[in-house]
Structure formats: C-alpha cells, structure tokens
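Copied over from TrEMBL:
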- 1-15: signal peptide (SIGNAL)
- 86-563: domain 'Amidase' (DOMAIN)
- Lys135: active site, charge relay system (ACT_SITE)
- Leu184, Ser210, Val231, Gly232, Gly233, Ser234: substrate binding site (BINDING)
- Ser210: active site, charge relay system (ACT_SITE)
- Ser234: active site, acyl-ester intermediate (ACT_SITE)
Amino acid sequence: PSAALTLLCSSAAAAVVVWKWLGKRQIQKKMEVARRTRDEGVKKMAKAVQQFKEQVSSVQMDAILSLSLLELTGKLQEGSLSPKTVLYTYLEKALEVTQQTNCLRHFIPECEEQLQEIQRQREKGLLYGTPVSIKDHIGHKGHLLTCGLVQCLDTPVQEDSVLVKVLKKQGAIPFAMTNVPQSLFNYDCGNPIFGQTLNPFNHQKSPGGSSGGEGALIAGGGSILGIGSDVGGSIRLPSSFCGLCGLKPTAERLSVCHTYLLHVGVCSHPTPVPCALGPMARDVDSLALCMKALLCQEMFQLDPTVPPIPFDEEVYSSSAPLRVGYYDTDGYFLLPPCIRRAVSEVRGALQAAGHELVPFSPPRIHYVMTELFLKTFFADGGRAWLDVFTGGIVDPGLKPQVNCCKIPRLGKKLLALILKPLQLLLLLKLKNTATISTCRSVKEMWNHHHQIEVYRTEFITRWRELQLDVVLCPVLGPAFTTGYPGKLLTAISSTMLYNVLNFPAGVVPVSTVTEADEEELKLHRGFCDDPWDWTLKQAVAGAVGLPVAVQCVALPWREELCLRLMKEVETLSHEK
C-alpha cells in the first residue's frame, strides 16, 4: 500500500508539472500568434505604401510631414492636398518610426475603408482627412484591446468606441494602435507580448507611459494627432518625456464608452479617481482643434453621460491677463533641477508678459499620494490587479510592484515591525506600495471615497481664496532610462494629484536639458537623500538635449482655460 501511495503521489505531482507546462506553452503560443499577426500587418502595410510611393514624389511627402495640424487640415479642406496622399505619407513615416522605437501594436487596415467613407460624406468634418493614432485600449471594431495582457488576446471588439465614432464622423482616419505597458499601470512602455517601446530621441530612454506608444510615434513624426488616456499621468508623462503637448481633460468631458479601462484591475467599475481620454500632439493648437472636433453633437448623442458643453473658442482665444498660481515642488518628491529651472523661467516669462503670478502650495501631498491615490487602486491589497497576470507572465518593469502586492498582509505588518528600529518605516509608508493600507470593509471604502471629496473641496477652497484662474507647476521629467519607472512608482505625485482632483491638466515642452542641468543633478539630494532620491538621479542621468516640460492646470470643466495657459506658455517659450 505504501508503494502504491508513493506511486500515486508521484503521478499526481508529475501531472501537475505537465499541466503547468502545457498551460505556459499555450500562453507562449498565444503571444507568438499575436506578434506574428502584428508583423504580417506591418509587412502588408509596407507593401501598400511602396506601391503608393511609386505614384507620388518624396518631396511632396516631406512637405506634408512639415505641416502643423492646422495647416494640414486647412489644405485638406480646400482640396490642395488629398486625404490619400496624407494618409500614405504618415503610414510610411509610422513604419519608419516603429522600426526604430517599436511604438506600434497594430496598423488598422480599415483605414482604407474610412478613406473611401469620408469622400462620401456630405460635409467635411473639422478633422477631414487627418490620420489619427489611438492607444491600444481604445476600442476599434475588429481589433483587440490587449493592455499588454495575454488574457486579452482572444476577442476582438465588436463596435467602435464612441470616441472613435466621433473621430470618424469628423473625417479623421484612425490608422494605427499604439503600444502600452502591461496592465497600463506603469509609466514605462513595455509588455511581454509586443516588447519595449523606446524614446525616439534616445533609445536608452523610455517614452513614458502608459500612452508611451503614442508619445514615441508622434514625437518621431509618424502621427500628427493621437488619443491617449490618463489615470495617474499617462498622457502627461509621455508628453513630458517625448517633448509633446498633451491634455488630460476632466474625466467626463470626453466619452470613455467602449474603452477597456483596465488600470490595476479597475475595469469599468466605478472609481473615485477616474480615467480620462485626451489628445496628444506637437503643439497646443492641435489639442484645441481636436477638443473642438470631439465636443460635438455626435459625442453628446452617442454618450448621454457626457455633458453637452461645446468647446468655448472665446475663452481659448482670449488675450486677457491671467492670475496664475505657481509652485516648483509639491513637497513630496523633489524633481530634478532642470524641471525646477523650467518652472522658474516660465514664471518669469509669464510675469513679463503681463500676467499676475501668485505663489501656491498644494496641501497634504503625502496624504494624497498614499491615502487617496494609491489606496484607490490597491484597496484590496492589489489582489484584483494580480489576477490579470495570466500564467504569471509579468513584465520586468512591473515586478517591483507585483512582488510588493504578493506579500501577505501579516508579512507586511511584520516587515514594518522589523524595519521600525531602523528608522525606515516612514520611508516605506511614503514611497513604497508594500505598506499601503487597504479598505477592509465596504464602510471603509465609502469613507475613502468621502475623504477624496473632502480633499477636493479643501483644494478648491484654497484655489478660490487666492482667486486663481490657472496654476503653473512641474511635471516629472526628463525621460527616464528604460526600466526605471517601475522602481519609482510614487515619483508621479506631480501628475497624480490632478487625477485625484479630476482637474484638467496639460503639459507643454519649454526647454531641453543642458550641460549645466546635468552638473547640478550630481548635487541633487532630494528631500530625504534616500534610495528613491538616488534612483531618481540614476533614472534621469544622461539626458542632455532631451525635452523639459511644465504642467498647466485649471478647475474642472475649464479645459479651454487650461489650453489658453498652455498656448501662452508655448508662445513665450518659442519667443525665448
């Protein structure tokens, strides 16, 4: 009997090993099929582009790429450029950029059908003939929304998202879907299925995330307008890293209907820190035109939850002096010297241009970061997030967070107890997900939601006491070396604040890293001179010549005012 029992146990163990092996093999096959499908799509598109190039001069294509969005749409509207020529020009450039940076997840072959469709439309929309790229998880009929996850490789979506429908109604041609980090919860841009996306200006650097594919494609010249999403800085960080303009609107200003909102397992479930979709482009006027095109009757009819507030051109075009609050640090995570320099220079330029600058200090950022922002997504200790990693396939950039979430609650308490005598408990609480408190009951969850509303009220009260129109503040940058964003999750305090508040916020490039900035970085100690501050120095080192940006903020539903400040900053920076 004992021999039989031993044999049975051995057989069971062997069966478990084989079962696990077969499961992993099946996952690998899915990933291989996804990569092969993408590569075949690239080859087909390259062939189509080559056939078109034989009919059009390269001089004309270069001229098209040099146009701003306003110039391009003007020529398309008047008929001096054909939508087909513009589309194939950008297809060719996108092929070149993705070969260098791996920014595309998939071309959209149906762009040919949309090209025919816009020529049948009675009226030319505001984006008539404009090629537009979209982030991986924004729904386009017939295509996967992968979020860089194996579990999402099975079922193509059956319907365009509302935002894609509106883009098409306005004459735009969605032509590519761009790469994202696995699960979208990272501001690097790599996943085990489609690989790492690189910064077009420096291939050792990250393009940012999670809209990093968009950032790399637009910055490389392969797209003139893109749509990203933002739940902690996912539009603004790639814009900062890649030298672009990007706008995170108030979350409900644009429809997210039929968009897979998989941020840390928060799919379409209600969350007090909502995801916002928004535009990314090379200049502020392009963002304004995109918002004007999207905020139309088609959007309001397709998604009645979107408030029917058209774009206010009068506010955007106003030249009245602004009362601008400003700060160069939030008191939580001290950003590199070049970022503080940029805020100081822009503040001086705005003041010289006749605007009124008022010092402003955002309240209680330590509390916001740990108790409001991170607790929203890790309320269950990260269990919902861990569930999305089918077969244990985890991108290296996410392993620090994943490993922290895997520590049992008791283990975290013991860890905190052991570290307390070493004076490291405070650091862990402030800068690591390992000791984030969770919501242990429905009552605690409701209280957590209430605390976010209390903080929003406190922030708006301080804003109104100072009678501010807008705020100028820093944004994380310059571009990190690839792999480092996963080690510095809480360095995003500069952007996540305005997700918690649900304020519109945008990023504008204003400068580049200088040799002097690089020298000053060597003396950077941060607030604590701790391992996180040392890691930040390593992450941003070697960035001479890379873009440096600032962030502009307005109160909810005042996107036009936010864009107005962004335009003013852009104009003054160009003049300088």
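Start at 1 and count along the chain as shown; that gives each residue its number.
Each residue, glycine too, has its Cβ placed from N, Cα and C.
TrEMBL entries are annotated by machine, without manual review.
Between the CA atoms of Ser210 (substrate binding site) and Lys135 (active site, charge relay system) there is a gap of 9 Å. Gly232 (substrate binding site) sits 16 Å from Lys135 (active site, charge relay system), taking the Cα positions as reference. Summarised as a single figure, the pLDDT of the domain 'Amidase' (86-563) averages 92. Residue density at Ser210 (substrate binding site): 35 other Cβ atoms are found within 10 A of its Cβ, drawing on all protein chains shown. Note: the Cα of Ser234 (substrate binding site) and the Cα of Lys135 (active site, charge relay system) are spaced 11 Å from each other.
Sequence-distant neighbours of Gly233 (substrate binding site) (same chain, six or more apart, CB under 8 Å from its CB) are Tyr187, Val475, Leu476, Ile492, Ser494, Thr495, Met496, Asn499, listed in sequence order. Neighbour counts were taken at the CB atom with a 10 A radius for the recorded positions Lys135, Leu184, Val231, Ser234; the maximum falls on Ser234. Leu184 (substrate binding site) sits 11 Å from Lys135 (active site, charge relay system), taking the C-alpha atoms as the reference points. On a Cα basis, Val231 (substrate binding site) lies 14 Å away from Lys135 (active site, charge relay system).
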